[in-house]
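Annotated features, as they stand in TrEMBL:
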- N24, L26, G51, E72, D97, N119: S-adenosyl-L-methionine binding site (BINDING)
- 31-204: domain 'Ribosomal RNA adenine methylase transferase N-terminal' (DOMAIN)
Amino acid sequence: MTIDSPGALLRRYGLHARHSWGQNFLIAPEVHAAIAAASGARPGRRVIEIGAGLGTLTDRLLATGAEVWAIERDRDLCAVLRAELGDRPNFVLHEADAVRFDYAAAISGQTEPVAIVGNLPYQLTGPLLFALLEQASAAGPWVVMVQKEVADRLCARPGDDDYGGVTAVLSRVRTIARVRNVPRGCFLPAPRVDSAVIRLDARPEPLGAVADEAGLRQLVRAAFQQRRKVLVNSLASLGSRAEAQAWCAAAGIDPGVRPETLGPEQFAALQRAREAAGAGAA
């Protein structure tokens with residue numbers, strides 16, 4: 001029995017996957033290897049793992065010599081992790097909610113950029129990505145497993161059918177690339193959808209500076225709330241139609257375009273126009 005045998009570990013400890021928590025354990029060693037390689041895990045680098053589960057990916061990361069901070073909120077799985085990996089000197093377990101974890105503290109004071117990896121529960125993908133966006137902007141690569149449909153959206157470009165608000169916000173500060181697709185059969189139990197591993201790397205500078213990051217997210221959210229609306233009508237929900245027209249004019253953007261045609265720089269220009277006019281996040 002090895003740490004790469006999730007089914008055997010579940011039987012040994014008398015456990016079952018919690019469906020309500022979105023637990024699907026990765027059982028494909030080649031995917032573990034791909035995630036570890038994409039993260040750049042190596043001696044001297046700290047890697048934060050979101051949702052360590054049964055420790056199969058954790059074990060692969062530890063083998064690289066990296067210091068692994070594993071986050072897991074399931075008390076039963078934490079007991080497994082302590083029993084199976086607790087003697088490893090480069091293993092640190094945090095029994096915590098990954099959405100509320102203090103990533104800023106975890107990445108501070110490191111000589112090398114901290115990598116963040118994880119198999120993100122489908123229902124928590126958005127909250128986790130935004131938690132990282134707010135707290136881990138200075139981190140190194142994020143290498144995460146998400147639902148394939150989500151990966152398609154995050155890798156989309158302006159004008160693509162899959163392009164949306166989350167992509168506009170994230171791609172402003174991080175490049176987003178697909179590492180590999182992962183069929184549903186690579187999990188125990190198998191989910192109803194396929195997954196994909198993506199890597200998000202910090203840009204040297206954001207695509208367009210703004211003073212109010214929360215205001216930018218509010219603007220993008222309003223723009224994509226009703227995709228069929230033209231830009232000026234979508235942004236009117238943040239003030240008035242006249243104000244929205246003024247922001248578009250100041251940003252040099254046609255108020256009659258569809259929001260999904262705009263890139264991150266253009267949304268940043270709209271937010272700067274809002275800020276210049278004295279508007280911001282509520």
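Count begins at 1; order follows the chain as displayed.
Just so you know, glycine gets a Cβ as well, placed from its N, Cα and C.
Applying an 8 A CB threshold to same-chain residues 6+ apart, the list for L26 (S-adenosyl-L-methionine binding site) reads P6, H32, G53, T56, L57, N119, M145, V182, C186, F187. DSSP assigns L26 (S-adenosyl-L-methionine binding site) to a strand segment in the three-state reduction.
In the shown protein chains, 25 other C-beta atoms lie within 10 A of the C-beta of G51 (S-adenosyl-L-methionine binding site).
Between the listed binding-site residues, namely E72, D97, the fewest other CB atoms within 10 angstroms of a CB are found at D97. Mean predicted confidence for the domain 'Ribosomal RNA adenine methylase transferase N-terminal' (31-204): the pLDDT average there is 97. N24 (S-adenosyl-L-methionine binding site) counts 23 other C-beta atoms within 10 Å of its own C-beta, drawing on all protein chains shown. In the three-state DSSP assignment, the secondary structure recorded for D97 (S-adenosyl-L-methionine binding site) is coil.
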